[in-house]
Amino acid sequence: METLGYLGQGFGVATTPLNLLTALCGTLIGTVVGLLPGLGPINGVALLIPIAFALGLPPETSLILLAAVYLGCEYGGRISSILLNIPGEASAVMTALDGHPLARQGKGGIALSISAAGSFMGGLIATIGVTIFAPLLARWAVAFGPAEYFVMMVFAIACLAGMAGNKPMKTAVASLIGLLLACVGIDANSGVYRFTFGALGLADGIQFVVLVLGLFSISEILVLLERTYYGQSALKTSGRMLFNAKEAMLVKWTVIRSGVVGFFMGILPGAGATMASAVAYMSEKRMATRDNRFGEGDLRGLAAPETANSAAACGSMVPMLTLGVPGSGTTAVMLGALTLYNITPGPLLFQTDPQLVWGLIASLFIANVMLVVMNIPLIRVFTKILAVPYWALVPGIAIVTAIGVYGVHATTFDLFLMIVIGVVGYILRKFDFPLSAVLLGFILGGIMEQNLRRALSISNGELSILWSSPITWGGWALVVLMVVLPMYRGWRRRRAVVPASP
Amino acid sequence: MIYQRLFLTALLVVYAVLAYATTTYEAPFSYEPVGPRAFPLLLLALLAAGTVYLIIRPGHMAEENADTPLTRQVLGRLVLCVLALSLFAFFFEKLGFVVSAFLFAIAMCRLYNGRWVTSVITAAVMALAFYGLFDRLLDVPLPLGVLSGLGV
């Protein structure tokens, strides 16, 4: 009951005119960014941080903006997947598998509307989940000491690598690079300058905005450059724009199951929307026994990943708000934005900043409604945006990126640093290292080292404090599980291959 | 595969240099058991182990990267793009935002296959619009550079 009271208070915050307007702008921007091929939620959220700062928005409003953009991107990503067969972002890859065949069969309108409804249901299920689970987890997490926190972060990194599918080692290396980047600059405890090599611009560390924009904006610009040769034209949507009751009944259970799966996948640190949509698609494909046409335009195959990725986007707010450990690359950016406001995310946030937490949760409900209202009738307007050519889009992105980076410190050193980070990020990307892992590592790095050192100060250097409480045992058990899981999968794959070859 | 191994080897060299750099990181006076050196060294050791593993078993590349091989032409464009970005950064304060963004946007439009006329128009609109939006409306101070004499 207490929760409902807080939620009511949250709606009070979320329905102030400023926050409603912000949520509306956020959902609009998010949908547009999400549907542009190549641009995903991380890019959208990263580009908006400097702007939210420049506007002087209060922390809860800018967090609402970022969350609305995040959710909007999960809606927008489906449009380019269905009509172009080019996923706007990684979590919409699965959507294209069944969405694009539907569009080619002339059912583009139905596909778009049913996936919007799926996204809405996913977001709704997950937001209810956030409302129920986040306060519980926060109450439990207050008992965390530095040692427990350290183990939790090790788990987050292990989870990231363990869930990364076919490249656990590359993900692990990428997140370690992120952790190392967080060490650059003056060490708060001892005053020693680390890895600055005499550069004044690095004295207070690599700025978060510089790293995010370098990694995601500059490297994206370089990737888009490769694709200028590949022209694609969008399929026209014609005929019926709205799904009918029969189609809704067909996907009913798929949507509910995928929403729940997506929410729990979203809670796992590091798994995020991409994994969630893949898991939901695969399990629905296995469960569909009656006229299974997955891959050729099955409505269930379209609804499952779309529901799951919206649910995961909301679910990933849970670890961010309660533990201060991001559940996905995008929430990592949001976490960074919070620290820019001098707000330390974690379990205490529920006590110290209830209007921020509950305002955010309430605005997830509101943004979700706005998105479904916007996405069904306005779909023709959004599809027009797909026609914007790269030569107009990319220079704009590049200039906004540069302004965002310059705005932090007003030095051109940061611009050069951003370019260097962007080029390195591009190379890492070409070699299949996930950049969101670098970012997650960077966000966790500072807190992780602080907690490790604090824990060891408490125990006077005894390492055994790291495994001295039941919570840490549980944490280490999960870490071991996450390390063993990819090994087991690899072993099973190899075993499956061997008998097949004569 | 060979390029990936070269890159990973280069990473190993970087780790070695960074590890050498940590040798001087001594806290002038210490009141905690773990100094500023331990955590980075731990990370570097783990990184080195992971990188060596990848050199031995690089694994398969994702399809996304496999079907767009880097041709000489694409590589040339990438270099041009990075060059344009660097020049933009270099002239950002010297020429001021409006002029440098105008020139940079022309270069970028051309790189992404825009035609000359449309490029120049787009660039001019963008440079002025972004200056107005950020400097005037959003209070992000941008350098005026050579235009500062105009007294706008």
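Any Cβ shown, glycine's included, is placed from N, Cα and C.
Taken straight from TrEMBL:
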TRANSMEM  A:20-39  transmembrane segment
DOMAIN    A:20-440  domain 'DUF112'
TRANSMEM  A:46-71  transmembrane segment
TRANSMEM  A:109-134  transmembrane segment
TRANSMEM  A:140-161  transmembrane segment
TRANSMEM  A:173-193  transmembrane segment
TRANSMEM  A:205-225  transmembrane segment
TRANSMEM  A:259-282  transmembrane segment
TRANSMEM  A:356-376  transmembrane segment
TRANSMEM  A:388-406  transmembrane segment
TRANSMEM  A:435-452  transmembrane segment
TRANSMEM  A:464-485  transmembrane segment
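Of the ranges A:109-134, A:173-193, A:205-225, A:356-376, the one with the most Cβ pairs under 8 Å to the transmembrane segment (A:435-452) is A:173-193. Contact between the transmembrane segment (A:259-282) and the transmembrane segment (A:140-161) is supported by 3 or more Cβ pairs under 8 Å, counting only residues 6 or more apart in sequence. Put simply, of A:46-71, A:109-134, A:140-161, A:205-225, A:388-406, the stretch with the most CB pairs closer than 8 A to the transmembrane segment (A:464-485) is A:140-161. Among the recorded stretches A:109-134, A:140-161, A:205-225, A:356-376, the one sharing the largest number of Cβ pairs closer than 8 Å with the transmembrane segment (A:388-406) is A:205-225. Sequence-distant contacts of the transmembrane segment (A:356-376) (same chain, at least 6 residues past either end, Cβ-Cβ under 8 Å): 6-7, 9-11, 13-15, 19-20, 23-24, 26-28, 31, 59-60, 63-64, 67-68, 71-72, 75, 112-113, 116-117, 119-120, 123-124, 127, 130-131, 134, 241-242, 310, 314, 317, 321, 343, 349-350, 382. Remote same-chain partners of the transmembrane segment (A:109-134), defined as residues 6 or more beyond its termini with a Cβ less than 8 Å from a stretch Cβ, comprise 3, 7, 71, 74-75, 78-79, 82-83, 95, 99, 102-103, 237-243, 247-248, 251, 255-256, 258-260, 262-263, 266-267, 299, 302-304, 306-315, 317-318, 321-322, 350, 357, 361, 364-365, 368-369, 371-372, 375-376, 379. Counting residues 6+ beyond its ends, the transmembrane segment (A:46-71) has Cβ neighbours under 8 Å at 13-14, 18-19, 22-27, 29-30, 33, 123, 209, 212-213, 216-217, 310, 313-314, 317, 330-331, 333-334, 336-338, 340-341, 343, 353, 355-356, 359-360, 363-364, 367-368, 370-371, 397, 400-401, 403-405, 407-408 in the same chain. In the predicted structure, the domain 'DUF112' (A:20-440) carries a mean pLDDT of 84.
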